[in-house]
Amino acid sequence: MAALPLATAEVCDANAHLIQNGELRALQPVFQIYGRRQVFAGPIVTLKVFEDNVLVREFLEEKGNGRVLVVDGGGSMRCAILGGNPVQQAQNNGWAGIVVNGCIRDVDEINGCDIGVRALASHPMKANKKGFGEKHVPVNIAGTRICDGEWLYADSDGILVSRMELTV
């Protein structure tokens, strides 16, 4: 189910009509690049949490099947909601990537993993473990509404979200 990674600039150039009608959207350039996989793509699974990483860990313990976990952490800069152990699990379970609207930690460990990770920043403090959050709900991240089941394409130029799988 893993998508073939596409160059985001080429996707934009080839799909002006999808950009105009809103089916293809670019996230604002607010994310740092982590992990060894600089380019990744796949169907999106959404999660909304705030300073709590229990549900993040639960998702990444599942088989990823080439999917991308998009976590709306509310943009919190007060703690990390993703660390090295869950990212290693995600890599081993076949996730293509993780996009976090919030902070991560264990950056050196994450940068050693063969997975794509995008986050706002790193932070040494860990998150709460209460299990609060919402799964498979629309999230608003970096000026873009993202829904479960849409497709995400990421490379060093940025992140795109499409209503459908794209080809160039």
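Using the three backbone atoms N, Cα and C, a Cβ is placed for every residue, glycine included.
Note that the structure is a prediction, hence the values are computed from the model and not measured.
TrEMBL lists Gly83, Gly84, Asn85, Pro86, Arg105 with the feature substrate binding site. Cβ neighbours of Gly84 (substrate binding site) (same chain, under 8 Å, six or more residues apart in sequence): Arg105, Asp106, Glu109, Ile110, Cys113.
The Mg(2+) binding site feature in TrEMBL is assigned to Asp106.
Other Cβ atoms within 10 Å of the Cβ of Asn85 (substrate binding site), summed over all protein chains shown, number 12.
Around Gly83 (substrate binding site), taking its Cβ as the centre, 20 other Cβ atoms fall within 10 Å, counting all chains. For Pro86 (substrate binding site), applying a Cβ distance below 8 Å and a minimum sequence separation of six or more within one chain yields Asn53, Val56, Arg57, Leu60.
For Arg105 (substrate binding site), other Cβ atoms within 10 Å of its Cβ number 20.
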